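Enquirer: Pasting in a structure now, in structure tokens, and then I'll have a few things to ask.
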Amino acid sequence: MPYSSLHPSIPQPRGLRAQVAALVLLGACLVALWGLGELPEYTLRWLVLHLASQQIGLLVKGLCSLAEELCHVHSRYQSSYWRAARACLGCPIRCGALLLLSCYFYFSIRDKAGLPLPWMLALLGLSQALNILLGLQHLAPAEVSAICEKRNFNVAHGLAWSYYIGYLRLILPGLRARIQAYNQRHKNVLGGIGNHRLHILFPLDCGVPDDLSVADPNIRFLHELPQQSADRAGIKGRVYTNSIYELLENGQPAGVCVLGYATPLQTLFAMSQDGRAGFSREDRLEQAKLFCRTLEDILADAPEAQNNCRLIVYQEPTEGGSFSLSQEILRHLRQEEREVTMGSAETSVVPTSSTLSQEPELLISGMEQPLPLRSDIF
């Protein structure tokens, strides 16, 4: 399933454009240095000195961070000082190698530059102290967002996995059996194409009313599917249920489907309304989009979700625009009908004249008894 197929506003994963821009910058700087006419040895000397200063400065910054982490070594690092040091300074082998190389080039080039050692060390300490106290090297919001997405630190990532493991993975495997049981008692109400799926509504503004008729009066509650129960987290016979809704168009019934909102969106909305969460409306919109994308990725690889659910992602227009939720759902239902019809047309095999003109062949197996026609007996 391609990215942003559900809604055009859902962002794609970040690529390598920052590295490409850095490569272009590298080429431009090399051309500029070549145009200035400086000797390569002179440029290399100061470049190595600058890189060595950066590495020593990062070591000083890590030591300052270690002073704080040592106060939490028992609660955060299971009483392991080694883990606390690695969290602040990184891999010891890499850190030691960079430190040795940096010190070697730093002290050898410093002598040629004629700069006193105490002055340069004091300058390094001063610069790092100002960076920490004044926050001069804070990450940009885009960098923080990229790190959180890459390391799966987002609120949306946890909500998507919780929704899948705690709900969808439990109800989707038995959904078709429950729909069949419902159809037997209600004259095949859900017998249409696409009606065997769970349709999950995803409003990107996270506005999730408890009653769907409040969102659109053309959505009318019809029945409940047969309940499903399971022992879950110490709760015996926990009940899971799904609702069936009838969709009206021009006052007449136009469709029936199993429908419901993605409940974690209520959590995102409540967080944006509670000042203690520190969650702005912009954060809510970003996390809602990432939640939808993450859930889409999860369901794409989940065998129990294949053809059993459909995500309906929409964003209501601002004031002055017209939007009908019932029409959006009907559009998806009709699209499902077209997809199923086209799929069945492609899979149907029409025998060609050359095939029909061949002489019939008898395929005789070496087994003494004929095999049954049903393969699921084995």
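The backbone N, Cα and C atoms fix where each Cβ goes, glycine too.
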Enquirer: Membrane-wise, does Swiss-Prot list Leu36 and Phe269 on the same side?
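Expert: Swiss-Prot topology: Leu36, Phe269 on opposite sides of the membrane.
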Enquirer: Would you please pick out, from the recorded sites Cys88, Cys91, the one with the fewest other Cβ atoms within 10 Å of its Cβ?
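Expert: Looking at the recorded sites Cys88, Cys91, the Cβ with the fewest others within 10 Å is that of Cys91.
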Enquirer: By a Cβ-Cβ criterion of under 8 Å, what residues six or more beyond either terminus of the transmembrane segment (45-69) are in contact with it?
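Expert: Result: 76-77, 84-85, 87-90, 95, 98-99, 101-103, 105-106, 109-110, 112-113, 120, 124-125, 127-128, 131-132.
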Enquirer: So what pLDDT does the topological domain 'Cytoplasmic' (135-378) average out to?
Expert: 83
Enquirer: When DSSP states are folded down to helix, strand and coil, where does Cys88 (S-palmitoyl cysteine) land?
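Expert: Reduced to three states, the DSSP call for Cys88 (S-palmitoyl cysteine) is helix.
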Enquirer: Mind checking which residues reach the transmembrane segment (92-106)? Cβ under 8 Å, same chain, six or more beyond either end.
Expert: 48-49, 51-53, 55-56, 59, 85-86, 120
Enquirer: What does the DSSP secondary structure composition of the topological domain 'Lumenal' (35-44) look like, as residue counts for helix, strand and coil?
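Expert: So the topological domain 'Lumenal' (35-44) is made up of 7 helix, 0 strand, 3 coil.
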